[in-house]
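The next block holds one structure in the form of structure tokens; read it before the comments.
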Amino acid sequence: MTISPRSGSPRPIVPDSLRTPTRSVAAGDSAGASGSGSLRGVRLSEVIAVLEEFYPPAWAESWDAVGLVCGDPDQEVGRVLFAVDPVAAVVDEALEWGADLVVTHHPLLLRGVTGVAATTPKGRLIHRMITNGVALYTAHTNADVADPGVSDALARAVGLSGPLHPMVPAALGDAEAAPGEGGGRGLGRIGELAEPITLAEFTARVAAGLPATAWGVRAAGDPGRTIRTVAVCGGAGDSLLDTARAAGVDVYLTADLRHHPASEFAEHDGPALVDAAHWATEWPWLADAERRLHAAFAGSGSAGRAQSWSSPHKQQALDVKTRVSTLVTDAWSLHYEGAK
């Protein structure tokens, strides 16, 4: 799989085979829409309410920074762009498309700041978004542990079609348990392939199922090893290496594996390892989050708990478009193999 430059941008783009179409909620498919009157977007607060049903901020790690970064909860939202990273190229895309809201997985302001002056890179992004009326919202570790969440989307992208269960189940207290919670919340996912394949074949399947990056897809283990049971964790997952071994899986797919932990892991009897780019392992979640948000406002009933979403403007025809960014915002842009 190759990646190609986007017109007018140095960033490569995701190939057509992995893209999802821009979705639109129009008068004819809006829940309860009468078909009369002008089309309208929804309030930002209404979009946030749906997103926080899917990904409650209380599920985020204590060190994380999730939720609304900038934007007026009362502003109207007609176009929502989903992206992994809140970087300049994504803001360019949002402005070019006319987005009113950008939903990202990674936070823009993860660590404390004392100012957001336009003289700083992050400050410039915030100023551009506020000046152009674009809101920014983040769902990070709360989306990592959600059911479905980041690792569910990764599992489906690489061919796990059966039931999935968490590598590290969340401890659900009464205050945390949400209506309809199926007990699938937690970090990572474990599932099975429909048919056993070799490690070499599985690695190729991962490369085909995820967007191409300069990082590529690497594997540690016997290429001919039989793979059936798979553990996945979107994003940096080396903290779960021992969990993957204890689970007895055949292979563990994640990102950002460091040399020493991977080398020590490979020296012991345990799963094979597959290491992909951090951005690529989280990108499939965008389409899932976008589909669920679209379904919530279209009233299709396929959005999970948010199918019961209600707005004071429910009888007025909605005009909400959703889109997944196809820009490859992985940090690495070049890869060369050494002399053989």
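The count begins at 1 with the first shown residue.
Every residue gets a Cβ built from N, Cα and C, even glycine.
Annotated features, as they stand in TrEMBL:
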- His105, His106, Asp144, His278, Glu282: divalent metal cation binding site (BINDING)
- 24-38: compositional bias 'Low complexity' (COMPBIAS)
- 1-38: region 'Disordered' (REGION)
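Close to Asp144 (divalent metal cation binding site) in the fold, though at least 6 residues off in sequence, lie Val150, Ser151, Leu187, Gly234, Gly235, each with a CB less than 8 Å from its CB.
Fewest Cβ neighbours within 10 Å among the binding-site residues His105, His106: that distinction goes to His106. Within the same chain, residues at least 6 positions away in sequence whose Cβ sits under 8 Å from that of Glu282 (divalent metal cation binding site) are Val84, His105, Val150, Leu154, Gly234, Gly235. Long-range Cβ contacts of His278 (divalent metal cation binding site) within its own chain (separation 6+, distance under 8 Å): Gly235, Ala236, Ala255, Asp256, Asp330, Ala331. In the three-state DSSP classification, His106 (divalent metal cation binding site) falls within coil.
Within 8 Å of the centroid defined by the CB atoms of His105, His106, Asp144, His278, Glu282, the record's divalent metal cation site, lie the Cβ atoms of Val84, His140, Ala143, Val150, Gly234, Gly235, Trp279, Thr281, Trp285, excluding the listed residues themselves.
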